[in-house]
Each structure stands twice: as structure tokens, then as C-alpha cells.
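Contents: one structure, followed by commentary.
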Amino acid sequence: RRSAGKLTIAGYRAAGGIHGAGAATAERTWDSLDAAEQAAARRILLRLVQVGETTRDVRRRATRAELLAGIDDTGTARATERALESLAAARLVTLDANAVEISHEALLEAWPRLRTWIDDNRAENVLRQRLEADAQAWDDQGRDSSLLYRGARLESAMRLSEDEHAVQPTPVARAFLAASARTARRSRWIRRGGVALVCVLALIAATAAAIAIDQRNEAEYQQLVSASDNLLTTDPSLAAQLALIAHRERPDDPVVNGRLLAMQHAPLATPLRGHSAAVYLGKFRPDGKVLATASEDRTVQLWRLPDDGDPVRLGEPLTGHRGWVGVALFTPDGRTLATAGEDGTIRLWDVRDPEHAKQLGEPLDGHHGIVYMIHFSPDGKLMASAHGDGSVRIWDVSDPAHPRWRQDLTGHTRAVRSVAFSADGSLLASGSDDHDARLWRVRDGRLSALGGPLRGASDKVHATVFSPDGETLAVGVEDGTVQLWDVRDPSKPEPIGGPLSGHEGLVWELSFSPDGRILASASSDGTARLWNVARPERAGPLGRPLAAASGIVYAVEFSPDGEHLLTASEDGITRLWALPPRLLPAHADGVASVAVSPDGGLLATGGADQAAQLWRVGPDRRPRPVGPSLAGPRGVVGHLQFDPSGTLLAVGSDDEQLQLWRVADPGSPEPVGRPLEGSSGYFSRDGKVLV
């Protein structure tokens, strides 16, 4: 996107040489195997590849159990183990205690034999991957029969499982197929009995015209279902709309009902099309009613986000920059918009009437190279800009019509990619191509370096963002990882655990949800990921990655209400994802207990993370966290009960402690007295006695 690095001819040849050496090693290893081991090696390697339908093929991790799936005889199992050890010895695959993966992504392209296997078996591998994903969804939802395969879909999957030369599905997928086949047989028996009766009655009234109409309707219906299936990964919102139309036509169709059941737990996206090239950034106005998008096409587009209906473009695109625009950011009061990018200038716009935005004064040109990022202090008086020459510039924008340079921050040795103020405005973080993030103290409108750099990143730092409470700093790195830092004492920042990994490409941007419980990351691997950071020391992935239609995901941003997530992509489309309620993490280690207040307006959850949490339930029946966690227990919170008035909550844990909390004001819960002995307690009907 915006890299100053160059690939030399020598480097290019060296890369080709490495690929050639890898292919030669792979071929020698293949030649050293006997026939049974070669067949096993082929199955292993294809199992370790995620074949893309509209995206590139990538490697995937698998367990040993998956690699042995479908192998019944001892000889084949032993050949598989020998082949696996040979591949590992040649460093073609990497083994650990539980998992196996291809050692390097490049092998997928560099080794012609593997490339041929992938291409020759693409259709069956895509079918197997779909089968395994649908089987896992069936297993996750209690093996709901409405999710089973039927008709042509079942026949195709059965042919795959019966092909002895194909990579065999996982045990869960085989169980899924067996259940589908049993259900299909039962359906056939029922249909045969019904058809016999229908035939007797239909002989009188059936006509060729009626049959033709039925066939036409069936073909149209199957087209509708097929289109919904095909759009599920590229345009899930349209896929859901088509599935809903199919459901209205045939409300008793279990296949469509199962699809709708699965879709209600998945984020759905609304695409915003208005740019002719990649969209590099998207930012909400603080009130969440207007959105700005910055693009490679040298323009910025403003959008209105109505409460009901699709986003609407406001006015003409903002123009004037002489290169791509990578930044479009509102001031905290929402009255001014700052834009910047490749031409090294910063432009301020009056957007009080977003449909008729006006540029304020002349562009700010500090001749410091590309402006990669901008951020405003919470009070809107300071603006920090990250520059390609390694500097951070601080501007006084208390009067946006007459901005003034205030100071330059130096310390980075290469381009600065990111700047971010903390929520209280006391800190500024910066990230650079020099592999470092730095903290700066803000005092009386002046900034000064705070200690040395935050080391630990093994590559360029592209993103820095503070959590809403200011206690955690997230750093996104070019190697595809995200590192969390404890900055409660900013003079002594400490890394929190190891890096969060999962992306296959560099991390472009990060965003915390308004409640600080979820972190979103955007990557060049074409996905955005969500991370549960309710307990940063136990952070982990949340749900499946959100995939763009094609290309890099450059930006990610939570809406101010936390109910939507924006992604901006290389394909020129900005997407607004509606996040389902299940993506709101309650506890880091799972929920152990739940209680609802008598009036239904308050929900309490207890977890294995030794805490309870209050949630306010609004008219939309969607719970939202309120107030701080009710901390104190030293064990799993397995018991919760409200008193009849709903103003007291009993919290019991397996450390034999029962604490009463006053929750009349859920935003400021207060403990009542000392903990009582016991792990549970029940209020009398009048609320005066606790047993």
C-alpha cells in the first residue's frame, strides 16, 4: 500500500532460487517414498491446504487425528505415519505436539507436483471443505436435523466420501453424512407412501400444464437457494435476503430454515460502493450518524447512516489531494474533518453541513513526506500527524480555521505509520517502520518522550490504539501479530502475554469496541478478525474471520454504539457489519451462571473468570454491559439471584463466599457488608430473609 521498500533484481533471483530449492527437496523426498507412502503423502499435503474458491490457496493446520481420518487398515495407517515423518524430516511440514502444517506458504506455488494436485482436485477439495464447515456447524448447534444435507448436495458429498482416492472428510463430517443419509432414506420411505396416494388422486386432475408450472417453480426456487449459498462468503447480507425470500416461498423447507438459523449467528455486511479504487480508511463521526471514507482514487466521501435503511452518499466527493488519500478523521465535536495522504498535505474541512463540506484555509504542508495517520486529542485542541520522514508533528487546532504548528517529536528512525491519543489525552502512542512503538506524555499542550521505545515487534509497526479505559495499548505488526501492552504505569509499560496470531498477512489497523471488550484487526490476508480482550491477559480469537469479497482489508472501525463494524478493502468497497449479540463477550473463561431481575430490565452473568457482570436489557432485547465487573470472588461464580425488588444481587462462588451487592444503580454497584459463608443463597418472597 504505502511502502518505501524496493525489490532488487538480485533479491528477486534469490527468491526464485529458494523456491527452486524447496521444490527440489520436495521432489527428492517424494521419490524416496514407496507407493503406499506416496499415496499417504498426497492425502496429507492436500489436507494441509485450504483451497480458495475466489481467493488464493493457503496452508492450514490440522491435527494428526484429521490426517488419519477415514483410514481403517493398519498398513495404510503405518504408511501415513512414515510419510508424515519423511515430510517432517525434509522440513516440508512442521510438527508439534498436536498439530501439523506445511512449513512455508511458498511450497504451494513452488512445487509443481503439489500445485497440480491442488488444481486437479480443486472441485472435490472445495466440496470437502464446505462439507466439513457445514458438519461443524451442525455439531455446534446440537446436531439439528434441519441442517442436514438433502438431494443433490447429499449425493455429491456421498460420492466424495466413497472415493478411495480422495482426501477423506473428518469424523464429524462422516457422522454428518451418515445422519443425512438416514434422514434421506426415511424421507424417501415417507414420500413413497405419500406419492402412491397422490398418484391415485392426481390421475384425475393432473395436466401437462400443471406439471410444467411445478417444474418451472422448482427450478426458480432451486436457483434462489443456490444463489444464496454462493453469496454466503462474498455478500452475506444479500445471501440472507435471498434465503429469507426462499423461506417465505416455502416456510417448511428444512434446508432453507437451517440456513437462516445459521445466518442469524453470523455478522452480516451492508456494502458501500462509491469509490473507484481501494478504500484505505473509514471513520465514524462521534455521534455515529455520518461516516467518512478515504480512497486511493484521491477522494474522500461522506455518508449518512440513517437509523433505518441503507447508508446514503452526501454531496460530491471531497477533492484536492494530489495523490491517494489515506486519512479521513473527524474532530471530537464532529464539526471538522481532517484528510491527508500521499501528497504530504493535511486539509481541514468544515463539515457542520456534511452535504456541503467546505475546506478551511490552505493545506498544511510541512514537507515531511507522506502523512500516514492523524489523530486528535480528546478535547480537540491538538492534532498529531505521522510522517514518512520519521517525525510526528503536533498542531494546535483549537481554531480549525487557523491551525498552527506547535512541535515536532523525534526519536523514530524510519517512517511513522500510526499515532493515537489515549482517551484521557494524557498519552500519545506512535508506531514506526523502525519496529518500535513509543509513548509520549502530554502536559499543558506540550509532548515529551516517556521512557524508551516499546520493543518486541519483529517487523514494522502499522497500528497503535489505546483501550477506552487507557490501561491497554494494542500494537499491530507487519508480521501479522498483535501485541497488547499494560500501560497503567506508562513509564514502565509491560507486554501482556504473547502476540495474538492468526492473520496470514500484515496488520493494517486496530480498533477497540466502545466497552473495550473486543479488539478488531484488519489485515492484508483479506480478513478482519475479532479478539476477546475482556481479560487482556487471556485474550483470544472471537468467532470466525470476516472476509472481504477480494483483496486486502485496510481498515477496521467500531461504530460509537458498538453494534456495527466497518471494514475498508482493496476492492473499493466499505462494508458495515451488523454484529450479532453473541459476539459480545461476557467473560474471558465462559459463563457459569445467569440471573434476570424481576422486571426483566437487568441481567447478571457469572463466570469462571472470578467475576460477575451486569447487563442492561433495552427495548430491542439486546443486553449491553453496564457498570464495572463485580469483582471479589476467588472461584467460579456459579450462583446469582436478585431479590424481589431487583435492587439486591446475591453473588456466590465455589470458594464458599456469598456477597450481596446493591444494584439499584447498575452503573455503580456497591457491595453490602462482608461476604457470607456459603456458595449460594435464596431470598424470601418479601426479600427480608436470605437463606
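Sequential numbering from 1, following the chain as shown.
From the backbone N, Cα and C atoms, a Cβ is placed for every residue, glycine too.
A quick note: this is a predicted structure, and the numbers were derived from the prediction, not measured.
Feature region 'Disordered', per TrEMBL, maps to range 664-691 of the set 384-411, 664-691. Within the model, the repeat 'WD' (546-577) carries an average pLDDT of 90. Within the chain, the repeat 'WD' (272-305) has long-range Cβ neighbours (under 8 A, six or more residues past its boundaries) at 1, 311-315, 317-319, 321-330, 332-334, 337, 339, 341, 351, 354-355, 357, 509, 551-552, 554-555, 557, 559-561, 566-576. Sequence-distant contacts of the repeat 'WD' (318-359), counting only residues of its own chain at least 6 positions beyond either end whose CB sits under 8 Å from a CB of the stretch, comprise 2, 277, 280-287, 290, 292-302, 304, 365-376, 378-380, 383, 385, 387-388, 395, 397, 400-401, 403. Mapped onto DSSP classes, the repeat 'WD' (318-359) shows 3 helix, 21 strand, 18 coil.
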